[in-house]
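Single-structure report; data block below.
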Amino acid sequence: MEIGRSLGLHLWIATLLLLSIAVNCFYLPGVAPEDFELGAPLKVKVNKLTSTKTQLPYSFYSLLFCTPKTIVDSAENLGEVLRGDRIENSPYEFKMRVPQLCKIVCHHTLDAKSAKEFKEKIDDEYRVNMILDNLPLVVPVPRRDQEFVLMYQHGFLVGLKDRTYPESKDQKHYINNHLQFTVKYHKDTQSESARIVGFEVKPFSVKHKYEGKWSDDVRLKTCDPHAKLTVTNSDNPQEVEENSEIIFTYDVTFEESDVKWASRWDTYLLMSDDQIHWFSIVNSLMIVLFLSGMVAMIMLRTLYRDISKYNQLETQEEAQEETGWKLVHGDVFRPPSNSDLLCVYVGTGVQFFGMILVTMIFAVLGFLSPSNRGGLMTAMLLLWVFMGLFAGYAAARFYKMFKGTEWKKITIKTAFMFPGIVFAIFFVLNALIWGEKSSGAVPFGTMFALVLLWFGISVPLVFVGSYVGFKKPAIESPVKTNKIPRQIPEQAWYMNSIFSILIGGILPFGAVFIELFFILTSIWLHQFYYIFGFLFIVFIILVITCAEITIVLCYFQLCSEDYLWWWRSYLTSGSSAFYLFLYAAFYFFTKLEITKPVSGALYFGYMLIGSYSFFVLTGTIGFYACFLFTRLIYSSVKID
């Protein structure tokens, strides 16, 4: 009793801690509204350079851009570091509602190394990311199908290549060195203060000209605030070559907007054709709901008939003539082969399920909005660590049911097997990123923090959960197990284990593949994912679908007198991960333009981790559904 009370107290403390973390994440400085008076300084920050072609982020100052007197790194949370964010101050100086025209930032003469680096980043279509008042910089672009409707792209391109001769090996490279910023604000009706609700830019490549020698107060011929001469096009672009002189300039205009501060993220979130998005999700959900209803109805009617028939058998002769799932009642709860490994996977699946469920609840409630960069990943990591308690408990409960005695052995396997495999893959991928000198490489300090979370919190919690689970009485089977195993008759081709397992994974994958497209797009094409409400519904339907398809196939297996259902129930719904990885490969070759081997290795490495995690999650859902189903049906019939 004392252990139970202590465990309950620890759970409450953990829950309150997670809630406080989530709330603190949501109200980080910069997320809460900030009012700016007329002329108040605005801090423009720079973030990583990103490319959808390489998937390797780099810090802004890895190129020869203009730098402030001292570069100051912003404090980043765990999720931001893992995402490769590197937020630093910039030399761009704005004042609230004070327009600026042709402000010179700096002047550089490129050497061979700098010119080569700029050309490489332009070839790989790298984009510059900036932040103002926690809003990312976007470039407004007219949509192809609707001329007067704008889409917004994150960040602006470092530069462009000469499109006159696209097949030429000596293509010229041009840098975007003049930026026209537009800051949108919503003014308070009762005071002179205003809140920032938009941050846009139009980049231009301009070969600036001036008379005489360069000095800090030189007047440019190409744009001049005194003559009100502005840059309107890139007809005379700035070429990137060794010894070329580049002058970086910018304009700032302020526009009053009707958009309120609370709605300012709507522009950023509605970047794709949302009608197709909504229609696809609703269509997918309706199909899956229909199939699930059909499966449930068939199962209920068939089972009800079977149980009634078995319970009405009166004579021994009738019982001997009967065939079906009742005949294997003496073997159906026989411990499976490699039962230790099954316990480990079930425990890990429970840990995953708890993490995803709580994360989605937080996301639906708005704690993990896109305005809190890295908040989603940070929350998932912390929840994974705390859910180790339930992993140890679930693994120990099944281990004891399978007559296991060495609970510490199963605990160590649960605490280290899955995280160890994932960490090994992650370490190799991180080494590849580090070899490319990318900011996406996780620093040593962060790696140490991850290991500390694993060994310092997760492992002890797995041991606590396992200890509590093993102390409880073993789960009793509803029927006795025979000493001698029953011979399994020859099975029909469609009941072959491999065929049955592969068929079982199709429906769960069908429940999520539409949503999967948008998730992959948000990860690999650097777009925001925000429809957590629909994602939560899809997750619930995934759980229902995994449970029902596993129960149906388990029922058919038992009817054919094959009682080896333990592992097959796990693999049936878990095989949806195989289709997920195949879809990831299809997405890679049809939607992405990755050409570098390192980038391809990163993509498939991370998708392998994602598919493995999906296997553990869906497999555990199917296993639990089948376990409860078999206990229910065998406790409902009369066994002599």
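Glycine residues also receive a Cβ, built from the backbone N, Cα and C atoms like all the rest.
Residues annotated as signal peptide in TrEMBL: 1-25. The transmembrane segment annotation in TrEMBL covers 278-300, 342-368, 374-396, 416-435, 447-470, 491-524, 530-558, 570-589, 609-634.
In summary, the transmembrane segment (416-435) lies against the transmembrane segment (447-470): three or more C-beta pairs, each 6 or more positions apart in sequence, are under 8 Å. Within its own chain, the transmembrane segment (609-634) has Cβ neighbours under 8 Å at 303, 307, 325, 329, 332-333, 342, 345-346, 348-350, 352-353, 356, 418, 421-422, 425-426, 477-479, 504-505, 508, 542-543, 546-551, 554-555, 558, 565-566, 569-578, 580-581, 584, counting only residues six or more beyond its boundaries. Beyond the transmembrane segment (374-396), the same-chain residues lying 6 or more positions past its ends with a Cβ under 8 Å from any Cβ of the stretch are 7, 10-11, 14, 18, 21-22, 25-26, 76-83, 85, 343-344, 346-348, 350-352, 354-355, 358-359, 362-363, 367-368, 407, 410-411, 413-415, 450, 453-454, 457-459, 461-470. Outside the transmembrane segment (342-368) by six or more residues, the chain places 18, 22-23, 25-26, 336, 375-376, 379-380, 383-384, 387-388, 390-396, 398-399, 402, 404, 410, 413-414, 417-418, 462, 532-533, 535-536, 539, 566-567, 570, 613, 616-617, 619-621, 623-624 with a CB less than 8 A from a CB of the stretch. Taking Cβ pairs closer than 8 Å, the transmembrane segment (570-589) reaches residues 342, 345-346, 500-502, 504-506, 508-509, 512-513, 516-517, 520, 524, 546-547, 549-550, 553-554, 600, 603-604, 607-608, 610-612, 614-616, 618-623 in its own chain, all 6 or more past its ends.
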